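Residues or ranges marked as S-adenosyl-L-methionine binding site by TrEMBL: 100, 123, 124, 154, 155, 174, 250, 251, 252. Look at TrEMBL and you will find 177 tagged as active site.
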């Protein structure tokens with residue numbers, strides 16, 4: 001075979017590879033209402049307990065499975081929860097949890113900056129989860145993002161059904177819905193009952209990060225975290241590399257930055 005023929009063949013192969021390359025999704029195709037009532041009945045599947053969670057579906061490369069297949073618990077990418085999960089697949093490997101991860105900005109930043117840690121995003125809006133999942137698949141097609149995953153679920157109702165006690169290193173809550181009306185305070189993702197759940201799931205000295213652009217909500221975070229007996233406030237936040245990441249990694253954080261708004265952060269450690 002002469003050199004010209006070989007070059008033509010290589011060019012044909014390169015063109016074929018370009019055609020089948022998975023494209024990254026566009027946010028405009030996945031927009032939906034910003035807020036969902038988390039107190040409503042859950043109408044999509046969820047595990048009855050953490051033994052029904054198959055982590056090999058979320059981090060397939062680690063378990064020798066196809067990394068391009070998606071399981072997001074959405075209509076398009078469903079998950080069937082049952083008791084047939086192998087014990088070695090139900091042992092959680094998640095280190096960082098992003099509650100209400102939105103379009104996944106922080107998840108991807110954590111994945112890149114902490115390549116040896118596993119990040120998991122939880123989001124209640126199905127279309128948004130599909131966006132993050134399809135972006136993960138596109139990045140995995142390029143050899144990236146094997147340590148990050150996302151799922152559609154209602155954290156307020158089902159969080160302890162995914163994780164074991166003392167299993168998480170960090171929990172992130174970034175720019176949550178402030179629920180300004182007093183009657184809706186019970187919908188806030190930071191409250192005494194949920195803080196007890198977060199403490200239960202965090203490892204000793206594990207950290208929880210809360211950031212918002214609403215000062216009244218920040219004061220609420222401070223009040224309830226400082227009052228909770230399982231948490232103590234971290235004073236040297238500027239020394240925490242993860243705290244630096246949450247400042248501008250999320251879509252909401254970037255929007256606040258563009259509008260020259262204020263941001264308020266509190267980091268607490270489990271005692």
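Cβ atoms are placed via backbone N, Cα and C, with glycine included.
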Pairwise CA distance, residue 252 (S-adenosyl-L-methionine binding site) versus the residue listed as 'active site', rounded so that it is a whole Å: 11
Length of the line joining the Cα atoms of residue 250 (S-adenosyl-L-methionine binding site) and residue 177 (active site), in Å: 14
Site diameter for S-adenosyl-L-methionine, Å, by largest Cα distance between 100, 123, 124, 154, 155, 174, 250, 251, 252: 20
Spatial separation of residue 100 (S-adenosyl-L-methionine binding site) from the residue listed as 'active site' - C-alpha basis, Å: 10
Site with most surrounding Cβ atoms, counting all protein chains shown within 10 Å, from the recorded positions 177, 252: 252
Least Cβ-crowded entry, counting other Cβ within 10 Å, from the binding-site residues listed as 155, 250: 155
Number of other Cβ atoms within 10 Å of the Cβ of residue 100 (S-adenosyl-L-methionine binding site) across all protein chains: 23
Long-range Cβ environment of residue 124 (S-adenosyl-L-methionine binding site), under 8 Å and at least 6 residues apart: 36, 38, 100, 152, 153, 154, 155
